[in-house]
Amino acid sequence: MERIQGRIVRGIAGFYYVATERGIIECRARGKFRKDNIIPLVGDIAEVQLVNEKEGYILEILPRKNQLVRPPVANVDQAIIVFAISKPEINRVLLDKMIVVAEINKIEPVVCINKVDMEKREEVENLINVYRKIGYKAVGTSAVTGEGMEELKSYLKDKISFFAGPSGVGKSSLINLIQSNIRLKTGELSEKLGRGRHTTRSVEFLPLDFGGYVLDTPGFTALEIDIPKEELRNYFREFIEFQENCRFNSCLHVNEPDCAVTEAVDEGIIDRQRYISYLTLLREVKEKEKRRYKN
């Protein structure tokens with residue numbers, strides 16, 4: 001029987017729907033997965049043995065480049081981290097925390113500042129420039145006027161992406177603007193996949209007309225920074241070129257003497273709010289380490 005490769009775009013009730021060059025194949029996983037305690041995830045690249053044109057068995061899951069727990073997905077390329085410039089007010093610490101979590105998971109963060117149709121235009125441009133200067137992709141968007149949508153689409157093209165951010169920032173509105181028929185497409189795909197047979201909620205990658213997939217549920221519902229405190233500084237990209245000039249190799253850039261990073265902050269080379277985010281997250285990581293050692 002013929003074997004082909006594809007990406008799992010949906011999994012529910014023991015069925016896995018694999019997007020291949022032949023279309024969507026409904027698959028079961030071989031018993032060895034249960035035996036080895038391996039659960040196929042949405043996003044996995046799978047080797048499938050065809051039973052007929054529409055059905056098959058998953059024989060093998062190829063190595064994952066990353067994996068998230070909530071939502072349970074694998075092999076994501078990028079996180080579109082959405083914050084509104086106002087209503088709700090932007091939380092820079094949370095924004096920077098999401099960037100760190102993305103990079104820990106080997107996911108490229110894309111900063112998206114939404115609701116730019118509101119006032120604060122100068123603030124939006126300054127904020128976008130902060131992140132672009134560091135080396136991140138950053139875009140200002142409006143779900144009302146459509147501003148920035150073409151640039152956002154260019155970042156999504158041929159990538160496996162999910163949207164993350166607080167509630168009320170306009171993630172769903174942006175997804176629906178990216179592709180006007182995405183709800184219809186979801187319905188069509190669900191029909192093909194037989195969603196009517198199952199009532200359990202599942203995660204699903206939705207295909208984009210211009211190439212790529214977007215996850216139908218927000219990512220990063222669990223925001224854990226689970227790294228040693230000494231490693232956090234390496235996830236603030238703008239620190240790296242200065243760190244080697246600190247007096248101490250172990251410098252955490254808090255109140256150590258001759259710290260090149262704090263000097264760069266004082267000179268306005270490193271954005272002060274980014275540095276404040278770092279200090280806040282460092283305290284959080286230290287507290288987590290303390291609790292771990294107590295237990």
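Every residue gets a Cβ built from N, Cα and C, even glycine.
Annotated GTP binding site per Swiss-Prot: Asn114, Lys115, Val116, Asp117, Gly165, Pro166, Ser167, Gly168, Val169, Gly170, Lys171, Ser172, Ser173, in sequence order. Counting every protein chain shown, the Cβ of Asn114 (GTP binding site) has 27 other Cβ atoms within 10 Å.
The secondary structure of Cys251 (Zn(2+) binding site), as reduced to three states from DSSP, is coil rather than helix or strand. Summarising the annotation, Swiss-Prot assigns Zn(2+) binding site to Cys246, Cys251, His253, Cys259.
The predicted model assigns the domain 'CP-type G' (65-223) a mean pLDDT of 84. Residues annotated as domain 'CP-type G' in Swiss-Prot: 65-223.
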Long-range Cβ environment of Ser173 (GTP binding site), under 8 Å and at least 6 residues apart: Ala143
Secondary-structure category, per DSSP, in which Cys246 (Zn(2+) binding site) falls: coil
Nearest of the binding-site residues (Cys246, Cys251, His253, Cys259) to Ser167 (GTP binding site), judged by Cα-Cα distance: His253
Additional residues around Zn(2+), ordered along the sequence, whose Cβ is within 8 Å of the centroid of Cys246, Cys251, His253, Cys259: Phe242, Gln243, Arg247, Phe248, Leu252, Val254, Glu256, Asp258, Ala260, Val261, Thr262
